[in-house]
Amino acid sequence: MDVVGSAPSGGAEPVNGTAQFVSTAEGTALAYGSLVLMALLPIFFGALRSVGCCKSKNSSDMPETITSRDAARFPIIASCTLFGLYLFFKIFSEEYINLLLSVYFFVLGILALSHTMSPFMNRIFPTSLPNKQYQLLFTQGSGENKEEIVNYEFDTKDLVCLGISSVVGVWYLLKKHWIANNVFGLAFALNGVELLHLNNVSTGCILLGGLFVYDVFWVFGTNVMVTVAKSFEAPIKLVFPRDLLERGLEASNFAMLGLGDIVIPGIFIALLLRFDVSLKKNTQTYFCTSFLAYIFGLGLTMFVMHTFKHAQPALLYLVPACIGFPVIMALVKGELTEMFR
């Protein structure tokens, strides 16, 4: 959901039974600042991991490459999916839809969080403990007609990651707590930035340009995006309570940021980091430029949203910043042709 907005849990919380809760300036600043920080973490670490991902020999870690044709079709597919969800929420009970989605994202979240934790587990896993190797093999047929359906290799470290992720998953499934939601959301975002690769800058411009139009239309042109974002109880958005200072961990008046506003610019920023590496100049000029541009665009989004008290399509501000700043830098350095090549 590519939208920055306010997401009260179960509706606005009344104060003294008569009025909506009004967050303080400190609470609002804390919420927005936390969302910005949470958005930057998966982009930064996902981009770094995307460089190593290209060199990996493990088939499960190989990136999914997005071509220009994929990029051109993506806004159309995203629009159909979004409107389909909107109709589902209008026709069927929101409770049952979210129950099915919770189970689905419970499984995906465990796998995503396990993959996210794996490099850290490799560093902290005690060398004194045995790290046994396992293989899960599922075949179909026999003899010469035998066909592998599943062939997954893992070790003790992976099982530990899976166990920890399962605990978080059960917590999310039972409580739907905003912290558990954010843990899964950050894992999804980091995996997206790491494993979704644009094949060149032109493809990135097509993708971001198409989603720029998609985002503006569905937020400003209709109420579809905001309605789905507020109804959809799944870790596809990062949330942070504006009333944390008053109500602690049980706070319920949330500011939110869709994962699309992290992953879509994030895969473009990761591409520019790989471009920096390919230049072999031992600098990260384009990565740093686009990363700072993302901070500027996201900050501008939240400023406008707070000023006009209306949900904003974050890509309206992020796309021009994330494309424009690196392109200007390439023009200044005389590397524009090389960048688009």
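A Cβ is built for glycine as well, from the same backbone N, Cα and C atoms used for every other residue.
What TrEMBL says about this one:
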- 29-51: transmembrane segment (TRANSMEM)
- 71-89: transmembrane segment (TRANSMEM)
- 95-113: transmembrane segment (TRANSMEM)
- 201-220: transmembrane segment (TRANSMEM)
- 254-273: transmembrane segment (TRANSMEM)
- 285-308: transmembrane segment (TRANSMEM)
- 314-332: transmembrane segment (TRANSMEM)
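The transmembrane segment (254-273) shares the most Cβ pairs under 8 Å with 29-51, out of the stretches 29-51, 95-113, 201-220, 285-308, 314-332. Among residues of the same chain six or more beyond the transmembrane segment (29-51), those with a C-beta under 8 A of the stretch's C-beta atoms are 4, 23, 63, 119, 182, 186, 189-195, 197, 238, 240-242, 244-245, 254-257, 261-263, 265-266, 269-270, 273-274, 277, 287, 291, 294-295, 298-299, 302, 306. Within the same chain, the transmembrane segment (201-220) packs against the transmembrane segment (314-332): three or more Cβ pairs sit under 8 Å, each pair at least 6 residues apart. Beyond its flanks by at least six residues, the transmembrane segment (95-113) meets 88-89, 161-162, 164-166, 168-169, 172-173, 176, 183-184, 187-188, 191, 231-236 of its own chain at Cβ-Cβ distances under 8 Å.
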